[in-house]
Amino acid sequence: MDRERVDEQIWRPKMTVKTDPELLKLLRTGEGTEEGDKAREFFLALATCNTIVPILSETEDTTVRLIDYQGESPDEQALLYAAAAYGFMLIERTSGHIVVDVFGQKQRFDILGLHEFDSDRKRMSVIVGFPDKTVKVFVKGADSSMFGVADKMLNVDIVQSTKSHLHTFSTLGLRTLVIGMREMSNIEFEEWHSSYEKANTALFGRGSLLKAVAMNIENNISILGASGIEDKLQQGVPEAIESLRKAGIKVWLLTGDKQETAISIGFSSNLLTGEMTQIIINSHSKESCKKSLADALAITKLVAGKSPAAENSIAGADAVKSPLALIIDGTSLVYILETELEEELFEVATSCSVVLCCRVAPLQKAGIVVLIKSRTDDMTLAIGDGANDVSMIQKANVGIGISGREGRQAVMASDFAIGQFRFLVPLLLVHGHWNYQRMAYMILYNFYRNSIMVFVLFWYVLYTAFSLTTAISEWSSVLYSVIYTALPTIVVGILDKDLNRKTLLKYPQLYGSGQREERYNLKLFILTMMDSVWQSLAIFFIPYLAYRYSTVDGSSIGDLWTLAVVIMVNLHLGMDIFRWNWIVHAAIWGCIVATVICLIIIDALPILPGFWAIFHVMGTWVFWFCLFAILIAGMIPRFATKALTEFFIPNDIQIARELEKFGNINESLVSEVATRTLSIHQQQNRT
């Protein structure tokens, strides 16, 4: 029964669940039998042991209202809808009681206390007062936690049967919970109530006190049953993980699910493959962990052939001849993290293509992130959607929260928020690539555009024997970084794109240009500085040689130097721009025009030095000849180097740009070249 008639209206759950006729029959007719009573208590536990709030919503039919179960946990929502489908429908919740419709009969239960789920206990419990004045404790949680507090006198067959069902659920990729219950005597309730009130009103250590009270009451539990909930992968998750792999990004899975569930999720998401050799570590002591890690390390060295790259970077895993997958549980991590075994775990993990950590607590997730950050220069990115992922997200270099049904705690703690996991691919491979390309170039360019002006002033200081005279006016020196060259830097830094979105998504290997630091490195910095020195020499000495026997004053040559520098740096920027549009044209040519106007205005003011200087010098052919010669002499080395490099030794980005320009010509060849180029460099830095 999944509906109730209230005041001539029919109330029914918003979501329907397929039911088992035999179980439904047992619940209806089995009251008074041991099996029937246990089954009813099981579904009553689902209906009471939660924090879900039922919300009534209208429908087109005024005689029908839907009950929408709302809460932070989608698992609890699913269990409530299942309980309603079997006749135990939660229809009302207040701060002190709940109302459950049991096969058409309203029953009120007093909520005497609630111990919320925490990562240490891995369970939650509720103390329920029944209409017949009895008090019961309903508990649900992870199997590893529940079996530890189960009644030792419990039927062994029930425990084994439950464990067998849990294993079956886990291998199917279902998220499992164990549900239990026990009755409380009046004395036990009074003792608990007294302790609970003291802990709940404590000013200091309230959380730890409540946890102690909960652990004291959650014992000798009678196992009622287990549940399995399908946690469907979001759309595009397998494809996203495959793209990240092709991009050279290692993906590790850190989950609180059972090992079998985690492995099933790994296969369904393409994180694990059938060709991988699985290294499984499930240990319950430090000595056992040490032995397991030693055996795992031996396997990795045997398969990898003792690759030296694995010692320095997480990227070393790709050197292995056969892919390895490390699967380790939270119990083992207890004996490994923050001990001398961390180094061995790091060596094993970085030698594997995939690492899957199951049954891990939130702090252990953070510990794994710290393990990598503290031992490599690689960037770490943590992505999660729940409160148990907050610690991991905060510890990583980049934290990403998925906004979904698990609440917004992860989003609030993250650097970036996305709606689904698959959006991580365009965030990294498209926007991440564009951002790296822009930032890397802008850093070099800003060093260049400032150094070229400084070097021109430096040559002038040498020529004047370090006198206090200056050829370039103070106003031009100030406006150089404010008006003359600022706007093109901003526009290009925001709008320029070396490749379009479609190409970057089609060839994830192109993300490797950032991992290999192709756009910003020491070599490029030195070449850029050499280029700025050469161009500054051309800017200074060509006018010097042309005017050294003339009567032109220093202010006139200073205007020529200023204009030459501005045109030079803007042409330099224009030579490297990938996407031209009207905004870029307006910024570059507009700044050159603005420079000329500013120079005219400055020299037209009689109160400033160099009055009318530019009008004298611009009227001669020597001025224009020097300006043209400066641009030719200054740009030839850079133009020649750029042309020869892109023609004879193109990188992945240049090849992909040719593919965009010429369409599908030699597309397969381009893909092969890009992949081969990546394989040559993949032993270098990775994210």
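These residue numbers are counts, starting from 1, taken along the chain as shown.
From the backbone N, Cα and C atoms, a Cβ is placed for every residue, glycine too.
Here is what TrEMBL records for this protein:
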type	residues	note
BINDING	E76, F117, K140, R175, T255, G256, D257, R359, K365, N388, D389	ATP binding site
BINDING	D385, D389	Mg(2+) binding site
DOMAIN	411-651	domain 'P-type ATPase C-terminal'
TRANSMEM	451-472	transmembrane segment
TRANSMEM	478-495	transmembrane segment
TRANSMEM	524-546	transmembrane segment
TRANSMEM	558-575	transmembrane segment
TRANSMEM	582-605	transmembrane segment
TRANSMEM	611-633	transmembrane segment
Taking only the residues the record lists as binding ATP, namely E76, F117, K140, R175, T255, G256, D257, R359, K365, N388, D389, what is the largest Cα to Cα distance between any two of them, in Å to the nearest whole number?
23
Cβ-Cβ neighbours of D389 (ATP binding site) (radius 10 Å):
27
Same-chain residues six or more away whose CB lies under 8 A from the CB of K365 (ATP binding site)?
L254, C357, A382, N388, D389, S391, M392
Any contact between the transmembrane segment (524-546) and the transmembrane segment (582-605), i.e. 3 or more CB pairs below 8 Å with pairs at least 6 residues apart?
no
Mean pLDDT, the domain 'P-type ATPase C-terminal' (411-651)?
90
For K140 (ATP binding site), write down the residues of its own chain that are at least 6 apart in sequence and whose Cβ falls under 8 Å from its Cβ; none is a fine answer.
A45, L46, C49, R123, M124, S125, M146, L177, V178, I179, G180
Do any residues, 6 or more residues outside the transmembrane segment (478-495), come within under 8 Å Cβ-to-Cβ of it, and if so which ones?
438-439, 441-442, 445-446, 449-450, 453, 562, 565-566, 569-570, 573, 577, 579, 581, 583-584, 587-588, 590-591, 594-595, 598
All-chain count of other Cβ atoms within 10 Å of D385 (Mg(2+) binding site):
22
Distant-in-sequence Cβ neighbours of T255 (ATP binding site), under 8 Å, six or more positions away:
T261, A262, I265, L356, C357, C358, R359, V360
Once the chains shown are all counted, how many other Cβ atoms turn up within 10 Å of the Cβ of D257 (ATP binding site)?
21
Using a 10 Å radius around its CB, how many other CB atoms surround E76 (ATP binding site)?
21
Provide, as an integer number of angstrom, the distance between the C-alpha atoms of D385 (Mg(2+) binding site) and D257 (ATP binding site).
15
